């Protein structure tokens, strides 16, 4: 508590001191400073933060928490009183460099501040020897550039096996990206290397860690120099690792571009050569296309392509690409000096990350500035600006979306820019919080939770609740919601009773949060049955209904006698929430006492189905319905009604059962049973009976041939189907009158058979026979096909045999399909022929397949047929099979399968898969399970020795049994060491050469039985220390050869071989054995003894390569010493040639062996041996010997010393601290070996110590001397020494530059600076005069600070003040302001050439000095410009104006400014108009035009609205050119742009487009064969090359395939075939679209319509089957197209098309047709009217004129059709004198205003009901 009060007290004091509010969010009073430390030093960041309540402070590095990347001992975070917070890093490492962020948070908000840490590697001081000779090597400390983000040297890397390195190939100009994932703590240091040289990040090499944690190297615009081995090396304190890949860059240009470095304002020329001179080329600056202009010159000469860049600027720095039309590229980098390391052109970061920019310039003292979107940047808490020597860093900490923009670095006249794009961070959701479970509710658990307090609200997310039963590993989803934060889980909703636990998480489209588990476990009872199943009792043929209701909705399954039921066919399965129902349609006697069971999630219930047998009876018929009299040719319809719709009946005529034929149709519709004869003939007369199991009903049918009709005064006799016998004299008598008719019947040729049209189907290559029988043998017929007469040909035969006429096609084809007509003079018959390919079985290819199968494994027999929709039947032993639970028939496209899940021996037999045209037989032999037995005397445990075969043998129950061998549960495959043998009933496993690894448990597994063997193998005989034995041996002729090795066992058997032949003992070859040692000795070696010697010990072997060589000779050796004399400093070269290229030699000097070192080089080239000693000395004199064992060469060398002298000695030097010290000396001779010493110690060269040589002059430069550098400097040249002393004097330097100071008149100004020495003295000066302390000047001193305060300022105090020490100086500019104002400013003026313009301005003070400027240039008085001052009025007069005088007039005076525009008008012409521009979104664009004069004032308009310069828009001019620049284009910038002068304008259009995207995707297409397929895909950009693919293969244009590329891309496939079907894919750049093409054969009518006869008010179905389910069909009645209505249904079910007419009426009679594509099928519909008889006839009526007369009758059935009334043969219509009434079955006619003329006969006709009466008017 005391500490808390102390903090609050101090906080209150701070509050008073800084005048801060009591409650506010944190803010930084002092932010952390950027640091640069050496590797191994500690680094400390400190900052001071204010905030109430006191904030919580955390530190991060590069956006990551320190605990995640550092071990806890590596850093410490602390705080001190007063709001100070520190972060200390101990013993910094190279990976510690980066951006460190301090984040302060309290309840009011948070604040951020960042700092940069640079870790420098420690230079290594090593002994080095410097020599002018090229053979001398030296070691130097690592060279490090100041301020660079460099990487430390790793520990020794593991070796790389080049052969195992992955290969990666790219074309020149493409990007290469390498990623590796490395983990470790402390965080590993990553170094990328190419060919073992570390890679520094630059414009083309991007090194970063991506958001997934992968370390990434991206090589942009690859070129030939990038080929090589790339290594990602990672290391930390605990170890290192690496990963490598080899990159190959393929170049297609004959001569590629070369990199170029130029200075600003120079001309750059890039040149390359293409393979062929006809190939054009395009130039790009990275991704921007370059066009010929005054800036860019492009030339093409032969195969050379040249780009010339004029007036090079910093913006021209970058990667240039020359590209051929086929995509081949060559790359070059153009470097513009001044800025050495430039900004990347584009940088993308996520919100909340840090954006770091780093540049490097040529010189340390360059003036630099940072800008963003044109505004100069200053350092803030979240903007870090830091400079380290030549390196300058800018860091934006915790960037937000508004930080996007253009970052520019300016150094002098040079600049480098980068576009920063901040992307929105898409994060997965945060875990819900506050989870609670309430288990007090009965039979449920109530769960609640809350969203995370800082969760995103802009992204749609969803809560997911999951449950898990204790003991189970699976979590199941049980609830989801976007808004709900609670859920009640009832026991009814779970699968089964048990203990459950729950967890909740949140998901969105960017991922899933972690799961939060609820704290308790709850017991839930599970679902229950609310309404159980009830038993059902139905009559046979009725539907049986079952239902069950559960406590919660869930999925259930129905079973009938243990067989699972599926919805469809006889079974209807429905679920409505908790209610489940089952309907069994058409129950039969077999369903009686069946058990119906329902199962769902542990719930089970059953019920019994009872089916009662039905008794079928006929409903009695009226006498009228049982007696039928019809006329010849009319339809005969006999119908009856049974008491049950499922009653089966049989029809008989004269006791013979009737069968369905073309003329006779038997129908069953509900309870109605009928028979229809289409056309009645005399033979159809007779007694018809309809019988069922318990009843019978009879019909009498009489067919009349002659009919007598009476209609009014007309009498008719009709002879139907006249025959020759009907010829004769017919007389009609009426009273005494008669009339005779003589009838002659001329015989006509009629077609006797067939009587109806024929529909026939044939298969290709089958013989087609069409036959008809004529009524006369001499009748003539004509045959037609599809309306064209058929002529006899080779393929068509026309035959005539008696009354038979035939058309025969010997070999039918698909072209023979069609409609054939056989036509006589008076008759015709139609044949509809369809020729289809036969149904063939494609697989298996054999007609008979034998299969052996082991019970009870699953058996599957499969056939593939040629037509997917063809009918297939399966037979077993000649009986057709029926599906059952253990015999399943499957159809999968063209595949037909018969599956027996559990086979038995009874399933053995012949199975036949039969189509109409083909069949295949499967001879299946199902054998019982296999049993195994162990042979007698075969133990279950076996022991053997390595190398000796082991045999495991068992006996199986049948010879064909299959077994598999396993070792310790793993299957054994046959190999060179394992032999598996099947011999009748015996199975053997032979281990040919066992080893101890072969020990274990061996199992012989026959699925149904298994036997185990335990095998133990003793160790093999091994050759010990095999790797230490030298196997490559060389001997000389006559030497003794001894080959020896030691075995692991003394009793091992050894065999020696030479070049594959066994070695036998003789007088020269001796094989020796001594204990475990085995040796071969060859005495007195000969050349032929060379070869390979092989020792085989059974389990091991070793090979010796023996070479016997002749003695080595030195070619041309004289054997006498050779004497030479050389001068010291020369190079000694001795060489000789030996007789053999591989002969070794040894060089000696004075009997001392020589080895290669910095001066000595021993070389061997073939037979040449060479010794080189560079820069020899006198001590190198002596005898040199080249020893070739059997020969020697001797040289005696004497070396004369040389004279070394200092021509110019070193001189003593005194420098100031921080300055460079230079020592020079001149030494002879020029190649002298000179060493520099400091205090007698060799100097280690590095950044501070640099040595150079120019001829005889040697120079040592010591950079930035320090006090510790005071020493003796010496130069040693081969024993000669020159010495000098170095003295370093301390100096007082300014450590902080002064910034310009601005103060007001009569106030005071303080100028302050800091020096490096606290006791140092300074003096202040102005204009060379020392300023002394006085009334107006106060000189201050506080520690290192020095200040000058000037009191009572006047304007004369303005100027530059200088502060000097003895060694340094600094200066500052003081500006004294007075508040001058302009009372009356300048006004714009417009005038014309040769006139005068005057400008006046009035200021507030009379003694103000004003400056006039025109277009930024100060105006000097002249004949044209007159400047005058009159008190407060300043005026400027311009005379004799010209067009060039147009411009801006500016008056400035001591900080105030007034501006006006002078416009001198004259006609202006456009020299270069604006041009239309098309640019990608987010890229810059510049609109440019040129006028005839420079001083033309213009205004820029977009779509008629004037544009103003802004953050994203620049408007400027250069000479006569006018520019409008948009820095970052957006879609909204598209439009029409106008540059308007007032008198003339120029217009262009700007189109800003998105990145490529698909506007309209491909669409699936279903067409018929031989049609054209057109695919279209629309993309967002024009001139984009796209590619088309089918099933992954590229589509190329051909005679049938056309491709057109515009904004819309088209693919046209002409006359497609079935094989063209597949996936069609369009690819353009990185977008693609996919669709599917399905091709069908042309549609045809497989089963045509058939004529139908229907009873009135019943339903009739016309059905047609087509070849394809995807075709449109149109129904017609006559020529009228039919539409669906209440009575008429049009149904399409797959290939079946139906027309259903409900409540048929007589008007529905007619011809109906269906049109499918080009095919049409027709049928006639006859409607049999209901039996209609007269119940009450008309009665004669007699009335007096003009009384009304009424006629009335009654029929048996009320029908909708109106009756026909006639009077004397004339039809009556309703009118004033005629009234017609219908009252159900009663019909009435009333005639008014009668007269005598109306007397006659009144007739009533309704269908076949007729009645007449006599009407008499008196």
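For all residues, glycine too, the Cβ spot is worked out from N, Cα and C.
According to TrEMBL, the domain 'Ig-like' annotation covers 26-106 (among others).
What TrEMBL records for 128-149 is region 'Disordered'.
Sequence annotations record features per position, and here TrEMBL assigns compositional bias 'Low complexity' to 130-140.
Among the features that TrEMBL reports, domain 'Ig-like' is placed at 256-335 (among others).
For 428-527, the entry in TrEMBL reads domain 'Fibronectin type-III'. Confidence in the domain 'Fibronectin type-III' (428-527), given as mean pLDDT, stands at 83.
Per TrEMBL, the feature domain 'Ig-like' maps to 620-707 (among others).
The domain 'Ig-like' annotation in TrEMBL covers 747-836 (among others).
For 837-933 (among others), the entry in TrEMBL reads domain 'Ig-like'.
Annotation comment: TrEMBL describes 947-1018 (among others) as domain 'Ig-like'.
The feature domain 'Ig-like' is assigned by TrEMBL to 1019-1109 (among others). Helix first, then strand, then coil: DSSP counts for the domain 'Ig-like' (1019-1109) stand at 6 helix, 47 strand, 38 coil.
Sequence annotations record features per position, and here TrEMBL assigns domain 'Ig-like' to 1110-1188 (among others). Note on the domain 'Ig-like' (1110-1188): DSSP counts are 3 helix, 39 strand, 37 coil.
Under the heading domain 'Ig-like', TrEMBL lists 1201-1381 (among others).
The domain 'Ig-like' annotation in TrEMBL covers 1467-1539 (among others). Helix, strand and coil counts from DSSP across the domain 'Ig-like' (1467-1539) read 3 helix, 37 strand, 33 coil.
Here TrEMBL flags 1642-1713 (among others) as domain 'Ig-like'.
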Residue distribution over DSSP helix, strand and coil in the domain 'Ig-like' (837-933): 3 helix, 53 strand, 41 coil
For the domain 'Ig-like' (1642-1713), the number of residues DSSP places in helix, strand and coil: 3 helix, 37 strand, 32 coil
For the domain 'Ig-like' (947-1018), the number of residues DSSP places in helix, strand and coil: 3 helix, 40 strand, 29 coil
Composition by DSSP (helix, strand, coil) of residues within the domain 'Ig-like' (26-106): 10 helix, 48 strand, 23 coil
Region pair the domain 'Ig-like' (1642-1713) / the domain 'Ig-like' (620-707), three or more CB pairs under 8 Å: yes
Per Cβ pairs under 8 Å, the stretch of 26-106, 620-707, 837-933, 1201-1381, 1467-1539 packing most closely against the domain 'Ig-like' (1110-1188): 1201-1381
Secondary structure content of the domain 'Ig-like' (256-335), with strand meaning DSSP E or B: 3 helix, 40 strand, 37 coil
